[in-house]
Structures are given as structure tokens and as C-alpha cells.
Amino acid sequence: MIWVAVIITMLLFILVAKPTGVYLEKAFQGSKTLDKVFGPFEKLIFKITGVKEYNQTWKQYALSLVLLNGFMIVVVYFIFRLQGVLPLNPAHIEGMEPTLAFNTAISFMADTNLQHYSGENGLSYLSQLIGITFLMFAAPATTLALVMAFIRGLAGKELGNFFVDFTRALTRVFLPIAFIAALVFVALGVPQTLDGAVTAQTIDGAKQSILRGPVASFVSIKELGNNGGGFFGANSTHPFENPGQMSNILQMMLMMLLPTALPFTYGRMVGNKKQGRILFVSLFMVFLLGFITITTSELNGNPALNGMGIEHVQGSAEGKEVRFGTVFSSLYATVTTAAETGAVNTMHDTLTPIGGLVPLVNMMLNTVYGGVGAGFVNIIMYAIIAVFISGLMVGRTPEFLGKKIEGKEMKLIAVTILFHPLLILGFSALALSTNLGTDAISHSGFHGLTQVVYEYTSSAANNGSGFEGLGDNTPFWNITTGLVMFLGRYFSLITMLAVAASLKEKTVVPETVGTFRTDNSLFGGIFIGTIVIVGALTFFPMLVLGPIAEFLTLK
């Protein structure tokens, strides 16, 4: 029965992807999508803010994005620092320590949601609502806006206006869908209140304080925007965030909704729907491979316990919630790292070595399917690399969407693809070379190495999940992961927008019999191979020293 539920969940992922992709294309291309509802609201926002609907250059678009995001980071930083004297603080929580406030503000603006604090004890209701939830809408709206400009550039059209795209992302995508999802979560038992904690009497007569809050509205945008941060420290393992299997499936659907839709949006916007379909199918195959690998490993259990003759029919149950089980915990771990969300319904630090390898690889590749917007930019980056390599092998000038791929584009892509592993491996080496980093490690040996690399991988990929055995709430970890999150977020977005702008200016080369097609299964295979090979060449030595070595040791 459990496998039937898994298959149905997978089918739901597939069934909602195309309609959502069609809706996104219409919403951002000026087609009518509930204009009577959203149009007046958007015009009012433009009038109040003074936004004018004109086309920007790629530099203007990128500058608008960075300045708006930077302003939001500063505002939210001071909210966190001053929450102790601000209203909506029934628990009388004090202001955040400076480096933690720095880390948290960047974390949520970068759509990472890395949390070095426990949500219910670290933030007031004002900080949760005005600080965290606000950024949970703003962060994915930023990248969804940018990816639309990116696709327009690839299609040879004007990039558009960042502020217009940002507003449409909020009004036509995130606000309505998150509102409906929040109502469903309330119906499923997720609390939504501004009241403080309640005191309950336990069976043995003791008193217990039960924390609550505006959780349903928080969880809906947490998953839809691929944010992932928890209202509670336990994240989606907490019964108030994720009461049962229905809420669990809904959370996974929200996580996958926009990342899986964007390939179809792309296909429609560039005028070749097959392009989108082949990307969707190729990435879904990689996703399935990851799910099968982690599930098999977790169902086989811990090799160390197997050697003791201990039977565990449910597989490796450590760190998992009984109400979800091993299979759905494995699926959730695959989804949350494939969609770069970072929400967890099981503790990733307790996964088996190979089970923990899958989330790590998903984040290192950062492209299966990746988070809202940013992930799709990485997908196209790998697609262009695949075209470039194929062109070199047959002695032709590489072409993508009828545009020649030349030195300028490849230099930008080369720098971008190297920057991701440089952040991860460089900062991991720094942490491992100083007591400021190693003092936080709770496990020695191979697993300790994986803890460190996982933290920086999660930060660079804007995922936010963690091996929570790492004691990371220190100035060193707060500052270094904050820098990694900021650089990992904005560097690739800006460089790839420059690539799209460069391709926009090029004339379309007529298609001939020798043109390498990018809308068939051959390209799909080369595309997958490029992702795997580039990822393996970059990160394989670290994976051997970490999870693979741990697995072989336990065996």
C-alpha cells in the first residue's frame, strides 16, 4: 500500500507541472490571468511605489534586484536585533546576537533558510511575521522574476522590468497559492493563531508549556517558495507543522510545484515545447534514481546494526517519525534537496551513509530540479555546457536555440560553474583547518567531515537543511555560512543573466541537417551525462572521503 501512495504522489508531481508551467508563462507574458482580480491591485502598487513599466538592460535588472534585496536584509536585520523591545512578543524573547541576526537575515533573503536558532525560542511573532514570512515571499519572488527575464533573453526578447516581474510573482503566484494552501493546512490540523503558549497537564500530573503561533501561513509559503525554514526548531518533523501523511504529501507537492513547472514555461516562451519536455523528463529520471538509492539504503538499515543480528523490518528508523515511515521520509529527503527547499521531516544527520549521500549530491549538482528560478538557471547552464561539448566533439560551432555559443558566454559559464564548488570546498577546508570550525563537529572521522561539507553545500545551494549534529550557532559558522549563502545566491544569478543578455543580441542561425537538436532523447542523455560527469569530477574526492568511506567502514 505504501508504494501505491508513493506512485500516486509521483503522478501528482507530474500532473500539476504542465498546467502550472502554462499559467506561469501567461502570468509573465502579459496574457490574461485573472486580470480583473490582480490588475487593479498591481496598478495600485505601481502607483504607490512609482514603478514605471519600461524594459531594463541586464545591468539595470541585476542592480534593481541586488539593491532591493540588500535593503530588505538591512531592515530585517534590525527587526531581529530589536525584537526584544518590539510588540508581538508574548514570550519576551530577547534580541538576536549580531552574527546570528546577520546569518538569519541573509539566510531568508537568499531563500536558504539555514537556521542556527530554534524557531519557537529564537524569534518573536513580529520577527516570524514581518521578518521571516515577509522574506519567504520576497526571496522566491526575486528569483522567479529573474528566471523570467533570463528566459526572455534566451528567446531573443527584451528582459522586462524587475519591479514589474517581482510584483507579478507576488500577486499572481505566491500570495494566492500560499493563501489557499494555508487554509488546507488549517483544515489538516496545523495551528494558526497569535495567542501565546498554552499550559497543559500531562498524564503524570506535570505541567507542560505548548508553543504555537501563525504556523499554517508560515508552512504554506515555506514549501511553495522553496524556503524550508521551520516555525519550530524540529521543522516538519513537528506535529504542528506536519500533522500526518496528507500534510506531508501536500508539502512535497508545494515544494515541487514551481521547479517542475518551469521547464514547461521555458518551452512555451522559447517557442519549442519539446525543449521543456525533454528537460523535465531528463531531470525526473535523475530524481527517481536519487529516490531509489536513498530508499534502498534506508530500508536495508544500518550496516553496523545488521552485523549484530538485530532485526529492523522498517529499515533504519533512527531520526524518523513513525507517522511518515522510512519510505516517505526518504521521498521527502529527496524532494527537499532536489527542489532546494531544506525542510525536513527526518533528521538528515541520522541517515545511513549512502542515504545521506543522495541529499548531498542533489545540493552539489543544484539542478535537479533546483529551487524556484535559481535552479532553472543552473539547468540551462548545464544544457549550454552539453551543447558546447557536443559541438566540440563534431567540430561545429555550438548553437543553443539557434544562437552561437562563443567565448564570452562560455567564460561566464565556466566562472559560474567553478564558483559553486569553490565556495563549498574552500570554506570547508577553512573550517577543518581551524579550531573555530572543528570544535562544532559532534562526530569524528568520516561523518564529521560530511557534517562540515553538508553545511557549506546546503548554504551554497541555498537549501538550508543540515546535519544538525553540527554545533553551528557560533560567530565563525554564522559569518562564514552567511557569506557563502550571499555569494552562492547572487553571483550565479547575475552572471547567467549576463549570458542571456549576450544571447539576446545574437541573430538566429538557420537550422540545417547538421544542427545539433536540443529537443530529443539524444540531447537528454548528453544533458544527464554532463550533469553527472561535471558533478563527479568536482566533488567525487570529497564524497569518497566522507559518506562513501563511512559506508565502507560500517560494512
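Any Cβ shown, glycine's included, is placed from N, Cα and C.
A quick note: this is a predicted structure, and the numbers were derived from the prediction, not measured.
According to Swiss-Prot, the protein carries these features:
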type	residues	note
TRANSMEM	2-22	transmembrane segment
TRANSMEM	60-80	transmembrane segment
TRANSMEM	130-150	transmembrane segment
TRANSMEM	173-193	transmembrane segment
TRANSMEM	246-266	transmembrane segment
TRANSMEM	278-298	transmembrane segment
TRANSMEM	374-394	transmembrane segment
TRANSMEM	412-432	transmembrane segment
TRANSMEM	483-503	transmembrane segment
TRANSMEM	525-545	transmembrane segment
Practice problem: Can you tell me which of 2-22, 246-266, 412-432, 483-503, 525-545 gets the most C-beta pairs within less than 8 Å of the transmembrane segment (130-150)? | Solution: 483-503
Exercise. Please check if the transmembrane segment (374-394) comes into contact with the transmembrane segment (525-545), where contact means 3 or more CB pairs closer than 8 Å and the residues in each pair are separated by 6 or more positions.
Key: yes
Quiz item: Out of 2-22, 60-80, 173-193, 412-432, 525-545, which stretch touches the transmembrane segment (483-503) the most, going by CB pairs under 8 Å?
Solution: 412-432
Self-check item: Chain residues outside the transmembrane segment (2-22) and at least six past its termini with a C-beta under 8 angstroms from it
Solution: 245, 249, 252-253, 256-258, 260-265, 267-268, 276, 280, 284, 325, 327-328, 331
Self-check item: Contact set, same chain, for the transmembrane segment (173-193): CB under 8 Å, 6 or more residues outside the stretch
Solution: 24, 27, 137, 140-141, 144, 212-217, 219-221, 223-225, 240-244, 246-247, 250, 254, 257-258
